[in-house]
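The compositional bias 'Acidic residues' annotation in TrEMBL covers 94-103. Under the heading compositional bias 'Basic and acidic residues', TrEMBL lists 104-119. Annotation comment: TrEMBL describes 123-158, 245-280 as domain 'EF-hand'. The annotation region 'Disordered' is assigned in TrEMBL to 87-119.
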């Protein structure tokens, strides 16, 4: 009997102590969780409140959650939602490492293919060997600045360029040589392979590629003897004669590049086809006939 009374007293005393401790804890938490109006709540506070961290135990956390102001509850929930989403994303990314690696490799290969340099095809090299043969005016197997000058003189001597335009033409020829092949000396001789290497470099340099074919408008104006802004077959034959090619070659070439069959070639078409000869590696393009028939494959 005495033991029962003592036990009930101990239990009652323990419960009273526990309730007082709980009440004190809740008071502290309410002060912590109830900032003055309009006081912003930091992410670290939200995290501690949402996770029931070091500031409270699980029981006190339940009391605190129901007593917190609505704004605080919303902030905590929003933070918890973001934290949960970030955790889920990390888990998904971790679980799909192998898939990510495969995708990364596919993208890398795709980028490598895009970065592959232009001018690596046998067709493009064949076109450049064709042009080297044309520029080798004296047929000694190499191209020199003298060859450039002789070719420019053939067009200027037709007499269809004004003195001012002829002077511009000579400057463009000079700058083209220096930019592409270097010094103007009798010893700077460009073989076919060196010509291909230099043109390959120019083709893959964005700034230099934009300047490819700067001399083309002057060639057009030199053979446009009636100044109509269009070339017919006879004028195109004159263009080929200056290049050292036959009229038969000119007729075949003109029939191919006169795509709309109107018997005329505008300045815009002429320059476009001339530049495309340098730039494209598509052997279906009609520009491949711009400088006449291509040399035989090696």
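Note that Cβ sites are derived from N, Cα and C of the backbone, with glycine treated the same way.
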*Can you tell me how the residues of the domain 'EF-hand' (123-158) break down into helix, strand and coil by DSSP?*
25 helix, 1 strand, 10 coil
*What is the number of residues in the domain 'EF-hand' (245-280) that are helix, strand and coil, as DSSP sees it?*
24 helix, 2 strand, 10 coil
